[in-house]
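Asks: Can you keep this structure in mind? I'll have questions shortly.
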């Protein structure tokens, strides 16, 4: 048979393990949310211009093509021509 002091120690350990497990679950959720990395993928790629031998144009990746020497202009037009799909 278990003595009362052994039973008390067992109960303290059991309660401590439950509290530790609850803490780890909360900590794990925080770490999961903090580890979500957002990667920006430009809608434009560098390509060779039709009028040049160098890769100095930026063209849309999507269905509708547009090329520009300026990356900002390309991104703006590509997002207008090929809007990103909504996330599920």
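From the backbone N, Cα and C atoms, a Cβ is placed for every residue, glycine too.
From Swiss-Prot, for reference:
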SIGNAL    1-23  signal peptide
DISULFID  44-59  disulfide bond
DISULFID  49-78  disulfide bond
DISULFID  57-74  disulfide bond
DISULFID  60-67  disulfide bond
Asks: Are there any residues at least 6 positions away along the chain from residue 44 (disulfide bond) with a Cβ closer than 8 Å to its Cβ? List them or say none.
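Replies: Set apart from residue 44 (disulfide bond) by at least 6 residues yet with Cβ under 8 Å, we have 58, 59, 60, 61, 71, 74, 75, 78.
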Asks: Under a three-state reduction of DSSP output, how is residue 67 (disulfide bond) classified: helix, strand, or coil?
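Replies: Once the DSSP labels are grouped into three classes, residue 67 (disulfide bond) ends up as strand.
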Asks: Please work out which residue of 59, 74 has the most C-beta neighbours within 10 angstroms of its C-beta, and give that one of the disulfide-bonded residues.
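Replies: Ranked by Cβ atoms within 10 Å, first place goes to 74.
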Asks: By a simple count, how many Cβ atoms lie within 10 Å of the Cβ of residue 67 (disulfide bond), its own Cβ left out?
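Replies: A count of 18.
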